[in-house]
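Annotated features, as they stand in Swiss-Prot:
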BINDING   ARG48  NADP(+) binding site
BINDING   ARG125, SER126, SER127, GLY283, LYS298, PRO299, THR300, PRO301, SER302, ARG324  FMN binding site
Amino acid sequence: MAGSSYGNIFKVTTWGESHGKGLGVVVDGVPAGLELCEEDIQIFLNRRKPGQSKFTTPRKEDDTVEILSGVFEGKTTGTPVSMVVWNKNQKSKDYSEIASYYRPGHADFCFDEKYGFRDYRGGGRSSGRETIGRVAAGAIAVKMLSSLGIKFLTYTRSIGPVTINEVNFDAHEIYNNSLYMPDSDAAQKASEYLDECLKSLNSSGGVCECVITGLPVGLGDPVFEKIDANLAKAIMSIGAVKGFEIGDGFDAAKATGLTNNDAFIMMDGAVSKETNHSGGTLGGMTDGSPLIFRAAIKPTPSIAATQHTVNKSGEDIEISIKGRHDPIIVPRAVVVVEAMAAITIADALLMNMGARMDRITDFYKKL
């Protein structure tokens, strides 16, 4: 299977299946000298691990990370950083029935058609647990970028019909509720909505939003390495994501040039913008203002409600999916979205080092 790697210099390769022995990641291109320990990674993995509220799968996994290579005496060595999380609470018997039919909303049919074979236990490679490797790699990227003053604020913007009210936005509230919403009133309404979904054996989708501050001007390259294009690829590669928009996104299509353009102004002796309809990018490069994007996440496809499908013999059947599944993916996806954004920014930053001859000259003059 191709396609398990992402990035150019800061390159991430994930491996493992939901019900295999474990899952992990190899991260190439991590600069030497970054202080790093397993706790730095664990903090991020704890944000995505299951069993933390009634709105996540009851599958209990510690998701404890082990760093296998690339770190010595508390610092990265510049060699590949390899990490693993061992699976401990697989219940593969919950999935024995689905080997013979195709679950609506899942990749079962496509896997069978493409490869002629699939690991049906928990979705195998297409399981949400694949994101463990992404989050572990993203934790490294976030630590690397935070040392440069680049910060990430990622949260749940909406769940089903419930959207946060900008007037009530409180960043401190994000970690005060299990839905990671920066609006306590919206979080309460969303919880009530999800309770109804659970009662009706159904699930819900939602939207994650990410705001990145402290970015320099010029990350990303015009044409095929645009920062917004690479972010779109990174975010859309997350299994449940079905849409991506940056800045005003699709609303820009309803605007005029005069209302959509961000006027430039001088502020504190530097070029700035009056507004940020562009979401922090121009011409495929960061423009120094906050980079803002959103990811639309579909409802969990594994639901207990009766659904129509077909089996591998081509017969029409009805199914009710058993097992341990999230009624909503969004809260656990928040950190995955942040991780993929950080990986993309870290890669763009390292690629940017060779953009100008004067920077290369200045560097080598010091040697």
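Using the three backbone atoms N, Cα and C, a Cβ is placed for every residue, glycine included.
Features recorded in Swiss-Prot, as mapped to the structure shown.
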residue : record               : DSSP class
ARG48   : NADP(+) binding site : helix
ARG125  : FMN binding site     : helix
LYS298  : FMN binding site     : coil
THR300 (FMN binding site) has how many other Cβ neighbours within 10 Å of its own Cβ?
22
Please report the distance from the Cα of LYS298 (FMN binding site) to the Cα of ARG48 (NADP(+) binding site), rounded to the nearest angstrom.
17
Measuring Cα to Cα, tell me the gap between THR300 (FMN binding site) and the residue listed as 'NADP(+) binding site' in whole angstrom.
15
Across all protein chains in the structure, which of the binding-site residues ARG48, ARG125, LYS298 has the highest Cβ count within 10 Å?
ARG48
How far is it from SER302 (FMN binding site) to the residue listed as 'NADP(+) binding site', counting Cα to Cα, in Å?
18
Are there any residues in the same chain, six or more apart in sequence, whose C-beta is under 8 angstroms from the C-beta of SER127 (FMN binding site), and if so which?
GLU17, SER18, GLY239
Could you give the Cα-Cα distance between ARG125 (FMN binding site) and ARG48 (NADP(+) binding site), in whole Å?
17
